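All remarks here apply to the structure that follows.
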Amino acid sequence: MSMYGRDPWGGPLEINAADSATDDDRSRNLQDFDRAALSRPLDETQQSWLLGPGEQKKKKYVDLGCIIVSRKIFVWTVGSILVAGLLAGLITLIVKTVPRHHHPHAPPDNYTLALHKALMFFNAQRSGKLPKHNNVSWRGNSGMNDGKSETGSFYKDLVGGYYDAGDAIKFNFPMSFAMTMLSWSVIEYSAKYEAAGELNHVKEIIKWGTDYFLKTFNSSADSIGRMVAQVGVGDTSGGSTTPNDHYCWMRPEDIDYKRPVAECSSCSDLAAEMAAALAAASIVFKDNKAYSQKLVHGARTLFKFSRDQRGRYSGGGTDAALFYNSSSYWDEFVWGGAWLYYATGNNSYLQLATTPGLAKHAGAFWGGPDYGVLSWDNKLAGAQVLLSRLRLFLSPGYPYEEILRTFHNQTSIIMCSYLPIFTSFNRTKAGLIQLNHGRPQPLQYIVNAAFLATLYSDYLEAADTPGWYCGPNFYSTEVLREFAKTQIDYILGKNPRKMSYIAGFGNHYPRHVHHRGASIPKNKIKYNCKGGWKWRDSSKPNPNTLVGAMVAGPDKHDGFHDVRTNYNYTEPTLAGNAGLVAALVALSGDKTTGIDKNTIFSAVPPMFPTPPPPPAPWKP
C-alpha cells in the first residue's frame, strides 16, 4: 500500500509503508544519521517526512474550498455565531414565557361614548318587525298592519320606518330629514364611525328608513302623482276623544285603534326632502350597486314630482300642520337639487340648485330671525354648506361660480353668527346658544349648528385654509370647533344642573322622558287606550330607559323640569337625535382623521374636459 503526499515542486512522493522495523529499531537507526545534517533547518515537507502522525503541527489556515481563511478567525466567527444563536434563543424564550402587560388603549372620549348611546335611540323608535339584534329588550313588533287595510291604493303596505317621538306617528317629513342628516354624517365621517365600531349600525339605521320610504310612493315608476305623507294621527283639538296616537297612551305593540294614512298630491317640500334622503343614502350604499341605483331612481322620481306638482305638504289644515308645519318648499329645492347632483353627477341638478331665483325664494339673500338655523323645516343653511364644499374642493367655475361664491360668503356669515362675540343669537347664563330665540325645545337646533360648525372647520382644514373672516377680523377653524364643543358639552352635563340631557348617559339624566313605550312596563299586561294614562301621569321614573334619547332641553334660563307630561322639556325626536349623532361623530375620536374629501364626489364627472391627445409626430 502506498501513501502519497504532495511535493512542493509537484512530484509525487512515495513512502514505503511496508517497513517491518520496530520502534526500537527505528530509534537505534536514527543514531546512525549524520548529526550535522540534522542540525540544518528542515522545511515543512521534510519535517512531515520525519515526524509521526501524532506529532503533526496544527495548520494555521482552514481551506473552505472556495476560500482559505485563518484558523483563528474561523474559530472566532463560528463561536460568535453559536453564542449569538444561543442568546437569541434565550431572549425569545424569556419573552414568550414572561407574562405580558398590555397597555390599554386610551379610553374613548365622551363624544364617542355618547355616540354609542345616541344611535340606540333609533333602535327604540323602530316600527314593524324588529330584527333579532335590535338590543332594546322592552320593544317588540308593532305597526304590522300599517297601510294594509287600504284597498286600491298605490302602496301595498307601510310596515316599517320610525316613530317620530314619544308617540307612534310616522311623520315622513322630519323622518326624511333625519335620514338625510345621518347619511351626510356617514359620507363625511365614515372613518370615525368605523373607529367607534358603529359604521355597520348606522348604515343599518339608515336602510331601515330608506326601505320604508320606497314603500311610500311608486318607486319603480319614472313619474308619480301622489305619495304618503304620514301614518297615524295626533289631532286632539276641540276635545276629540277619538282614539289616536296622542289621545291614547299605549305601548306601540298594543295599539288596536285605526291608524289612518295621509296621502298628498302636491307636496313639494316633503317629496324634495325624501329625494334628498334617498340621494344621500345612495352615496352611503354605493358599494351595493343594485340598492344604490334603486335609491337614485326613487330620488329622481320624487324630485320630478316635487317640481311638477307644487305645493306645501302641510297646507290646507292637515294633521301634519299641527306638528310639523312646513314654511316653504324653496329650501328643499336647493337642498334636494344639491344632493341629487352629488348622487348622479347630472349637471341639470346643479344648475337648478344654483339658480339665483330659487335661492332668493329660499331666503338666501336676507337675514331674518331664523337665518342660519338648520332644522327639519329650513334646510337653507345645510344646502349652503353643502354647496360651499363643491366650491372649496372642485371649484367648477362659470356658470356656477357667482352663486357658489354667494353661498360660501353666506356660510361664513352664518359661522360668524355662532360665535359669542356676535349678537345674532342670545345665550343663557351658562352659554347655551338660543337659536330659536328662547322658544321651547332648543336642543334640536343647537346640535345641527354644532355639526355644521365642526364640518365647516374640517372643510377649511382639508382645503389648507386656517380660518375665515368675520368682517375685518380673521378667526381660526379652532374657534368653530370650540363653539361646537361648548354646546355639546353643555348637553352632555357641563351645565348648572350638572345633568346630561341624553337618557342613559352619565349618572344624572332625565328619568321621566315623554315616551309611551318607555313609560309603560313590559309586564304582559295590555293597557288599553285610557288604561295607560296612569303611567303617563305617574310621578315615578320610567320603568324602561330610552337609551340615547336627547330630550327637548332646558328653557332660556337654564331651567329644566323632569316631568313626563311636559313634552317641551322631556320629549325626544328623530330629527333632534339625528343632529346629535352627526355632531357627536364629527367631534369624536382623533381630530386628525378629518373628513372624507372624495366619496361625496364619486358620481361627479371631471369638471373640465380632458385635453385632446398630442398630435402624431410629423412625417415628411
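Backbone N, Cα and C atoms are what each Cβ position is placed from, and that goes for glycine too.
It should be emphasised that the depicted structure is a prediction, and the values quoted were computed from it without experimental measurement.
The region 'Disordered' annotation in TrEMBL covers 1-27. The transmembrane segment feature in TrEMBL is assigned to 73-95. Under the heading domain 'Glycoside hydrolase family 9', TrEMBL lists 111-584. Annotation comment: TrEMBL describes D562, E571 as active site.
Within the group of active-site residues (D562, E571), the Cβ with the highest number of other Cβ atoms inside 10 Å belongs to E571. Of the recorded residues, E571 (active site) and D562 (active site) place their C-alpha atoms 10 Å from one another. Across the domain 'Glycoside hydrolase family 9' (111-584), mean pLDDT in this model comes to 96.
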